[in-house]
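Quick notes on the structure that follows.
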């Protein structure tokens, strides 16, 4: 069975195609993505109207490329992200998916974007046992308890203010480094000293919420450090600031993720979201999981950011388990919860 997935929740227009065999195994046939990231760069963040227009312009070319890569004229099913995400962006992708499904005469499946990140993190793993997922991106920082791919997940904790990826973007802008901040800071951090500056780690005390995150204090601390240096006429090491900031973020993320695994008795930790491509996060997560006897499952780098493969993969897994097709009338939901069915 060939399943095509469309992703358009933010600034990437993604179409992925997977092949599902009778045993439930998946093979990636196509991964086509167009990003409007550079159009948002001068604004320092994603502009919803620009993102929606970019999806409209990119959808047909990206679809054609995905079908070319897959070597198929049409799939056996079409799936699309219906939430959470930007309202206009979601409408473009979901509407396109419904139109293609109707034109091809194949079933349509509505997919939860966050569930897609979990599914792709386990794409090359074996059957998923009880697990914890750490989803980290520009819009989300969450710890989720996962019993099976595609089923409703339980939120253990989330950010109380800025998402981790959002903190990266704000610190990058503060340092005049550009957008998006994640890859830029990660690259510079490799040349810096992560112990040069003692930036704070939010909500790490035992009395704090065990599974929640806070990065606003860290962001403010970086701003004050830079302002003080400028006021005193000191030249700062941007590399050291980046390394120390990144170490603080990754320290908190990995510490709390491993603690969540211990608290719920999970033996597998899944990483997902754009920040899961961060080199230090992957490295520190592996170190701490190894020490704790926890298996770490991380997607390929190209599947960490938003893509259509993760949507196709989640839909395919649920189809294999007997999921019914979605009504064509199903709407989009910008605030869709992870605690709802992941395909509906």
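Glycine is no exception: its Cβ is also placed from the backbone N, Cα and C atoms.
Note that the structure is predicted; figures quoted are calculated from it, not measured.
Taken from Swiss-Prot, the feature Fe cation binding site covers 113, 117, 306, and the record attributes it to sequence analysis. Secondary structure at residue 117 (Fe cation binding site), as computed by DSSP, is helix. For residue 117 (Fe cation binding site), the count of additional Cβ atoms within 10 Å of its Cβ stands at 33 [all protein chains shown].
Of all Cβ atoms in the shown protein chains, 19 besides its own fall within 10 Å of the Cβ of residue 139 (substrate binding site). Residue 139 (substrate binding site) carries neither a helix nor a strand DSSP state and counts as coil. Taken from Swiss-Prot, the feature substrate binding site applies to 135, 136, 137, 138, 139, 169, 182, 186, 278.
Marked as compositional bias 'Polar residues' by Swiss-Prot: 326-344. Residue counts of the compositional bias 'Polar residues' (326-344) by helix, strand and coil are 0 helix, 1 strand, 18 coil (DSSP-based).
The region 'Disordered' annotation in Swiss-Prot covers 325-344.
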Subject >> C-alpha spacing of residue 135 (substrate binding site) relative to residue 113 (Fe cation binding site), in angstrom >> reply: 11
Subject >> Nearest-integer angstrom distance between the alpha carbons (Cα) of residue 117 (Fe cation binding site) and residue 182 (substrate binding site) >> reply: 18
**OP:** For the binding-site residues 137, 278, work out the Cβ neighbour count at 10 Å and name the residue with the minimum.
**Re:** 137
Subject >> Those residues of the chain, 6+ apart, with a Cβ under 8 Å from that of residue 306 (Fe cation binding site) >> reply: 7, 9, 10, 11, 12, 14, 33, 113, 274
Original post:
Taking the centroid of the Cβ atoms of 113, 117, 306 (Fe cation site), which other same-chain residues have Cβ within 8 Å of it?
Top reply: 7, 9, 81, 114, 116, 137, 272, 273, 307, 310, 311
**OP:** Work out the three-state DSSP category of residue 306 (Fe cation binding site).
**Re:** coil
